[in-house]
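Per Swiss-Prot, these features apply:
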type	residues	note
DOMAIN	1-33	domain 'EF-hand 1'
BINDING	ASP11, ASN13, ASP15, LYS17, GLU22	Ca(2+) 1 binding site
BINDING	ASP47, ASP49, ASN51, GLU53, GLU58	Ca(2+) 2 binding site
DOMAIN	70-97	domain 'EF-hand 3'
DOMAIN	98-131	domain 'EF-hand 4'
BINDING	ASP111, ASP113, ASP115, TYR117, GLU122	Ca(2+) 3 binding site
Amino acid sequence: MSAKRVFEKFDKNKDGKLSLDEFREVALAFSPYFTQEDIVKFFEEIDVDGNGELNADEFTSCIEKMLKEVFVFCDVDGDGKIPASESYVTMTSLGKKFTEETSAEKVRAADVDGDGYLNFDEFMALVIGDI
């Protein structure tokens, strides 16, 4: 699933924009660990035009920013990749309720180049695909 499809899924009234309430649902789908304060702060930061709603471009930018922060946090040695063997820890840090086996299966599917690591694009596809 792409960021655009996530946008469409959570745009409940199909007006082409996400309200703060709709965005809150998205953020909590990514991770139940986001506080209301975090969500409002993210929303205000990415609402570039300040109209109180997110359009698809603002939303896509937000998704990438949120996931980049999580990725950098999980990329302990800063080499731009997360070992697939640590995927269970990574996914549970996002609040995902996977078994180690399920996590390993999802990572194997996301590790497109088969190098045993998740780069940012693979990581993003893995997390977005789970929403």
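Indices start at 1 and increase along the chain as displayed.
A Cβ is built for glycine as well, from the same backbone N, Cα and C atoms used for every other residue.
In this structure, the binding-site residues under consideration are ASP15, GLU53, ASP111, GLU122, and the one with the smallest number of other Cβ atoms within 10 Å of its Cβ is ASP15. Across the structure, ASP49 (Ca(2+) 2 binding site) and ASP111 (Ca(2+) 3 binding site) are spaced 36 Å apart at their Cα atoms.
For ASP11 (Ca(2+) 1 binding site), the nearest neighbour among the listed binding-site residues (ASP47, GLU53, ASP111, GLU122), judged by C-alpha distance, is GLU53.
The binding-site residues near LYS17 (Ca(2+) 1 binding site), taking a 10 angstroms Cα-Cα threshold over the set ASP47, GLU53, ASP111, ASP115, TYR117, GLU122, are GLU53. In this structure the alpha carbons, written CA, of ASP113 (Ca(2+) 3 binding site) and GLU58 (Ca(2+) 2 binding site) are 30 Å apart. Other Cβ atoms within 10 Å of the Cβ of ASP47 (Ca(2+) 2 binding site) number 19 in total over all chains. GLU22 (Ca(2+) 1 binding site) falls within a helix when secondary structure is assigned with DSSP. Reported as a whole number, the C-alpha separation between ASP47 (Ca(2+) 2 binding site) and GLU122 (Ca(2+) 3 binding site) equals 26 Å.
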